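> There's a structure below that I have some questions on.
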Amino acid sequence: MRYCTIPPVHSPIIRLQHGILSKMKLIYFSNEFPPDDLHTLFRELHNHSKDRRHPILARFLEEATLAVREEVRRLPAHLRALIPPFESIWNFADFADLRKGQLCGSIDGILLCSVELGTLIRYYENNPDAFNLETGGTILAGLGIGLLATAAVSLASTVADLPITGAQVIRQAFRLGILVDEVSQNLQPRDATDTSTPDSWAYVLPNVSASEVQQELDTMQGIVKTPEASKIFISALSATAVTISGPPARLQAMFRTSQFFHDHKSVALPVYGGLCHAKHIYTVEDVHHIVRTSSMALLDSKFSPQLPIHSTSTGAPFPAVNATELFEHIIGEILMRAIQWDKVIQGVAQLAQDVGATRCEIVVFRNSLPIHDLAAALKTIPGLETSTQEIIPWVHSKPPAGEGGPRGPLQSKIAIVGMSCRMPGGATDTEKFWELLESGLDVHRKIPADRFDVDSHYDPAGKRLNASHTPYGCFIDEPGLFDAPFFNMSPREAQQTDPMQRLALVTAYEALERAGYVANRTAATDLHRIGTFYGQASDDYREVNSAQEISTYFIPGGCRAFGPGRINYFFKFSGPSYSIDTACSSSLATIQTACAALWNGDVDTAVAGGTNVLTNSDAFAGLSHGHFLSKTPNACKTWDCNADGYCRADAVGSIVMKRLEDAEADNDNILGVILAAATNHSAEAISITHPHAGHQAYLGKLVANRAGIDPLDVGFVEMHGTGTQAGDAEEIQSVTNAYAPTTRRRTAKNPLYIGAVKSNVGHSEAAAGVTAMLKVLLMFQKNAIPPHVGIKTGLNPIFPNDLDKRQVRIPYERTEWPHVPGKKRVAVVNNFSAAGGNTTILLEEGPVQEATETDPRSTHVVAVSAKSKISLKGNIERILAYLEQHPDASLANLSYSTTARRYHHNHRVAIAASGIAQVKKQLQSALDSVDSHKPIPTTGAPPVAFTFTGQGASYKSYNLELFSSSPYFRSQILHLDAIAQGQGFASFLPVIDGSHQRDHQHSQVMTQLALVCTEIAIAKYWGSLGVKPDVVIGHSLGEYAALHIAGVLSASDTIFLVGQRAALLEKKCKVGSHNMVAVRASLAQIEASAGKYPYEIACINGPKETVLSGPTTEMDAIIPVLEGDGHKCYRLEVAFAFHSAQTDPILDGFEALANSGVLFQAPQIPVISPLLCKVIFDDKSVNARYVRRATREPVNFLSALEIARDIGIVDDETAWIEIGPHPVCVGFIKSTLSPVNVAVPSLRRGDDNYTTMAQSLAALHCAGVKVEWSEFHRPFEAALRLLDLPTYAWNDKTYWIQYIGDWALTKGNTFYDKEKGLNSAPAALPTPKSSISTSTVHQIIQESIDGEAGTVVMQSDLMQADFRAAAWGHKMNQCGVVTSSVHADIAYTLGEYLYKKLKPKSKQVHMNIANLEVLKGLIANKNPESHQLIQVSVTTSDIGSNTAELTWYNVHADGTVDEPFASATLIYGDPSEWLSSWIPMTHLVQGRIHELERLAESGVANRFNHQMAYLLFANSLVDYAAKYRGMQSVVLHELEAFADVVLSTESGGRWTVPPYFIDSVAHLAGFVLNVSDAMDTQNNFCITPGWRSMRLARPLVAGGRYRSYVKMIPTAEDPSVYLGDVYVLQDGVVVGMVGGIQFRRYPRILLSRFFSAPDDAHAPPVATSTSSKHAVATPATKGVNGVKAVKAAPAVNGTNGVKTVPAVNGTNGVKATPAVNGVKPAPPVEVEVNSDTTTAKAIQIIAAESGLDLADLTDDSSFADLGVDSLMSLVIAEKFRADLGVVVGGSLFLEYPTIGDLRSWLEEYYS
């Protein structure tokens, strides 16, 4: 008897049946894993794959891995996130949890197929002759997934084909598992919280018949009316057993309730991935979905079935003629047909008889029961000898010793996808760098002052010890600029961190930003798979700058290993980080190392580069003495005949690299492609520093060979080209020999261009390689070669004289280098090390990338974000500028680039627009409102609530763009529609697919199913975008979708309930007999208006939103009544009056259906019930009775929301999303729960779906909801390109420790002792250059007069008697403080002196001292025997301009000067003009004085006499000596006053304008602010940093009588800053004015910090002062006498000798529990304060100073959120010192940003 149909003649079985065969072979693939340890099997297969004898096995594992990677990339984000990083498919064997979860079917499928096919390949590679399968009469059989594996063998003609065919099997297995899981979860959702072994979907029952089982199933499922899709069915049968399958819960229920199944033995099978062999669930479309891929089409073109595979349902071979048909047969078999192994046995036995076989070899992996049965049947055939061969043991076998070996490195092309730089010459980005190169600039300059004093450290004669022989270099502008807060660094840490590290961090961010990097967006950007690699060859900043102030961050901020480590730490990369030093080749060697990591699979993305910032004069001196450096003023004179060494340079560059296939899959911009890289050593050179042409040429050829590139195809070589005679000559020889040899001549059409970037920007040493790499990448991008500018005089004469013949060309001007279609431009970068190493990298241009499709979306989201308002403004401005420069920019690409391909920070702007013009308009509007912009909280994303719309918002037919263009949404709809059709309902697709007009009416079953299924699909679509609900609420019909999304109902049961209910309504209720009317009124208002009319309340939607139901006649009667009272009414377009008596006829039947066939489960997220007006958490509340009541009873949406709010399920921060075809519920939510953070619709009637989605996504994004933007763009990514947008706009400030003095010259030697006068008596002051000498200007030490320009420098000793008396006559905090009037006298003296020097004939000189700014208070030493020198310079470039600039400095003991502590501008003027300009103000001032007189007479203003005024002033702040006490009386009202002044007649001192005269007429302003009862003088004091102008039109004379007037007002920008104008009157005329005098208010507790003598060892740490001009974080340098620099928090470490406890990372504070599923967390633990510990007292101080309750200071409270700013930080720090003895600085709260962090630190060190 035959058990198969006659196959077509082209089937492979025909070939087997023609003729008699003596031997048959059957290869059997099981559906069970071998009993061997799976990890061991894969590990041994992996080890075999490394052996060169098993290239096919290796290729199979590689191809299988690539196939899985490709399928993983296509997964939705929520599934992709489940898969850990993997290097090879065999890694999945280690993912135990994954094999239990949602992807278990896919993972086990690929593992089983991999181990079986890998084992088979390993077996046949060892026995290649045995794979002559066709002539050997081979047939194939398998079970389950094993049947799928047979396809690989059937299609393969040779073993070498198996990697390709096997990879397709792996792909199909993975796709099959995904589909099976997705479909099965609609039948019974998996419990995501259960991590134990899942329940089985299949049980085997031995010793029963299939008919018995089917009869019992029919009976039981008929009783409970189980939906068709959820029914249990027979999935496999044999003579001795039957296997049944179905949803696990239903199987378990069946075994509990059925006596038949209870009485029979059953065994659960390890089937956890879902249902197969289910013809009632799956369709041919499902088969096509799995099989028909682009890779399958490729397989069809190369392979066709060679061997027969026996069907497990018929026993006959599959009649397939190509790969697609074969896989469709097999997938269809697995999905839709029951297994009947007996038929396979019969079919094989029949075949053996038909061909007359005498021997049959059965090849198995391990023996099993099906093979036992098959072998037993074959043995009954007469004359047939049967044997079984297990091949798993071959996996465990070891190769004989001495055989095999490594297979070789895996070579991929490496794509460079991002770049950034900081280069000399102002090249702060790659575009400016190209402009520099293209312009042919040489950007050398003298060593700038921020590095070291070039004059003292440079000696061209080479005689001075440790001095440089050259004063030149190429330098980055302002290398200290850095956005410390962005990178989570305190000012102190930033200041002490090497600028190389900082700029590496910045350029890494910019390069990643340009690469479109977003963490974990793709497999290649998984944080575990990213590493950093940076070259650095020196630690200048640590050795020189920060070594002057060694503190906490000296090691991590200065040691080079921390550079790449810091990048990894900031970005949270957990791949490797390397800092590599190979001298001048460091960065290119590092890039090669990064390539190796990519080639080896150690990382999937690499960030690499190099850094060099020069601050150490030692290196200049050492390289000078080593004869490396040129002494001439130029960058490197590369290839010049007079080349004499190189010019040192700064540079920082970063690039981002990926394997090319990953970059293309990630849709990256590919700037260039590295084909090969290698390093060798010039071992045979004459010295370690000397190059060797032979080794260099060998390396060049080696790299070309590895890349598979003809050396003649190289079009450009970027040479090392340092400009040394030896280096240039050796390199040109090596380059010409490698790429332009004499043996193979280049043609004129194929020249070799050479260049060297060092001729533009110098030799940046460790960064030279990446600098050269960036140049080449820019050449690819710009299609041009920039001019070479190194040849200043003539070409090096020792160069080969046949360069022209070899077609080697030097581009002396910009040369076009265009892209040629069909041919890649190829370039080489050379980088050599002074230590002997040579590194060469060969690159080609990136592939041309063009969009292959069109994005159909009409509206797009554009997002801009930053970490600060300043940067947000800058980022918006940059985008606007980009759009101006690129008017043709694609909006779709802009959206994709700013959303899916950028990091999103807490200051956000997102807009939805349909055109670039709209984008510009909206961004401009956002720009104008940046200052009022509020950032999203940093505490985490807000909870999300889904609200599901009822039928009242639906419309008859809708054309969903999502259905047509979103594969994910479409797949969800199709799966749900298939379930509906499987349950006997008509397809609802016509309602949503656009096939009908919007007003086309469908049946109620179709309409209601369409609504609910659309809402389910929308909710899941939101989930695919990463937006998942923490709580749900459904309105009326929408509640069914809500219950499904919450996990209460399966999709199958949801469809069953909705469809059956609609069918009952159609059957038992009359359409149109009843109506529903929405009324804009409350229940009370309706009752008051229409209480006597009959109606039913259907919905209570909001405070004034109510829906009535009832018969149409009753509704017709009530509407005019309600509208007559002003209540707007409108009828809902619904067929039936839900929630009214009209539904009564269906209630019993509906409840019965729900009771019999539906499983209600506990919700996985809270459900807000409008029926029960409560939040449901349990598995009892929702049942058949519930759905009955929900049909009939009112929807109390209002009360449900209020209850949810009251118990904390939702709050003001909740983000609401309406799930439905048109928004209705969001209006109810806003009116009920106002204020609402954000409430948005999913779809809107009349609007394109993507317009609504874009608007909603933009709003959610700005509210802080995390959106998976990549998933939003994924269906359209083929149409999208990443734009090269401007990089982040940094909020930079300067962080820099200046090298002070010349200790780098003098260290450890006596060479300079004589020069400095050391080891002898203290040096006298420098010899005076002039005889001028006053009490404040002691001697002129420098004088330079050149025509109209001039400079005068003076030095004075503050300890000289008159000067010291002037300082101590102005005491603050018992310290002598140099008042601004002293600075004014100095200014008048020097200004007059300089003016008369330049204009000797001038007699009287009048000056306006403008813009005086005192950055640091000048405080006198207590010891008068000491010296305390200051230096002041005055300079003018043109006295004709009538201006000069003044600068004040402190002078150190070694004669060096500090940073300037004060500055001013002198403006020479005409006093008559001043007097005239003040005339209009005189009567106003006099009027105010008269008003103050009147207020004083009436007792409103205060009048103080001379003694009382100065007593109050002394008690408040300043204790003046008698000479300064000129005010005879003061009248004061609030912040306004006038004083009568008589100047002292006491003589003494030599002054230009005596300071006590100036102070007497001007210090009224300080008196007002420090004495007035309008100020809190008990807790605060005010001091001045300067004024805008000081003009005295008449001289101040001893004994002169004056009147001063001032009114101080707080500034709008900063209420702690006060401004005013002091008017000086004489005889009723304004004769002088101090304009724009400024005071700042400080807490009094800081007085000691601000004003302590420099030589006081017991002084507290010096605090910071104020400036309106200098950047916040500009650090002070050491040795400052007085107040340190502007707003920079004082250093915590050892200021003024006070030892402090070292800081630790503040990361161990207690954090608040985040909200889960929308439920608010319990209140954070309050800080313990009821103890006498230092910690408790510290917390109490913080509470007192910040004005907060102790309850507010929870461990998770951040100081920034509590309002602890830099000033309050100083106050609290001073309180800690004074009250607790805890010495800290104001930066403490930057380093320990939360209460918990600070508490942990205090407890560690002070408890």
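The backbone N, Cα and C atoms fix where each Cβ goes, glycine too.
The active site, for beta-ketoacyl synthase activity annotation in Swiss-Prot covers C584, H720, H763 and rests on sequence analysis. Annotation source Swiss-Prot lists active site, proton acceptor at H1370. Marked as active site, proton donor by Swiss-Prot: D1559. As annotated by Swiss-Prot, domain 'Ketosynthase family 3 (KS3)' applies to 411-845. Swiss-Prot lists 1338-1648 with the feature domain 'PKS/mFAS DH', giving sequence analysis as the kind of evidence. The domain 'Carrier' annotation in Swiss-Prot covers 1732-1806. Here Swiss-Prot flags S1766 as O-(pantetheine 4'-phosphoryl)serine. Positions annotated as region 'N-terminal acylcarrier protein transacylase domain (SAT)' by Swiss-Prot: 41-173. If you look up Swiss-Prot, you'll see 946-1265 marked as region 'Malonyl-CoA:ACP transacylase (MAT) domain', on the strength of sequence analysis. Taken from Swiss-Prot, the feature region 'Product template (PT) domain' covers 1334-1653, and the record attributes it to sequence analysis. As annotated by Swiss-Prot, region 'N-terminal hotdog fold' applies to 1338-1473. The region 'C-terminal hotdog fold' annotation in Swiss-Prot covers 1500-1648 and is backed by sequence analysis.
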> Per residue, counting other C-beta atoms within 10 angstroms of the C-beta, which of the active-site residues H720, H1370 reaches the highest number?
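The largest 10 Å Cβ neighbour count belongs to H720.
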> Please tell me which one of the active-site residues listed here (C584, H763, D1559) sits closest to the residue listed as 'active site, proton acceptor', measuring Cα to Cα?
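Closest by Cα: D1559.
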> If you count Cβ atoms within 10 Å of the Cβ of H763 (active site, for beta-ketoacyl synthase activity), leaving out that atom itself, what do you get?
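There are 33 such Cβ atoms around H763 (active site, for beta-ketoacyl synthase activity).
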> Between H763 (active site, for beta-ketoacyl synthase activity) and C584 (active site, for beta-ketoacyl synthase activity), find the distance joining the two CA atoms and give it rounded to the nearest Å.
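With distance taken Cα to Cα, C584 (active site, for beta-ketoacyl synthase activity) is 8 Å from H763 (active site, for beta-ketoacyl synthase activity).
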> Among the active-site residues listed here, C584, D1559, which has the most company in the form of other Cβ atoms within 10 Å of its Cβ?
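Its Cβ has the most other Cβ atoms within 10 Å: C584.
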> How many helix, strand and coil residues does the region 'N-terminal hotdog fold' (1338-1473) contain under DSSP?
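Secondary-structure breakdown of the region 'N-terminal hotdog fold' (1338-1473): 33 helix, 58 strand, 45 coil.
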> Distance between D1559 (active site, proton donor) and C584 (active site, for beta-ketoacyl synthase activity) at the Cα atoms, whole Å?
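About 61 Å separate the Cα atoms of these two residues.
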> Helix, strand or coil by DSSP: which one applies to H720 (active site, for beta-ketoacyl synthase activity)?
coil
> Does DSSP put H763 (active site, for beta-ketoacyl synthase activity) in a helix, in a strand, or in coil?
strand
> Cα distance, C584 (active site, for beta-ketoacyl synthase activity) to H720 (active site, for beta-ketoacyl synthase activity), nearest Å?
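C584 (active site, for beta-ketoacyl synthase activity) has its Cα 9 Å from the Cα of H720 (active site, for beta-ketoacyl synthase activity).
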> Which residue counts does DSSP give the region 'N-terminal acylcarrier protein transacylase domain (SAT)' (41-173) for helix, strand and coil?
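Output for the region 'N-terminal acylcarrier protein transacylase domain (SAT)' (41-173) reads 95 helix, 6 strand, 32 coil.
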> Take the region 'Malonyl-CoA:ACP transacylase (MAT) domain' (946-1265) and average the pLDDT across it for me.
94
> Would you list the DSSP helix, strand and coil counts for the residues of the domain 'Carrier' (1732-1806)?
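Within the domain 'Carrier' (1732-1806) the tally stands at 47 helix, 3 strand, 25 coil.
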> For the region 'C-terminal hotdog fold' (1500-1648), jot down how many residues DSSP puts in helix, in strand and in coil.
35 helix, 67 strand, 47 coil
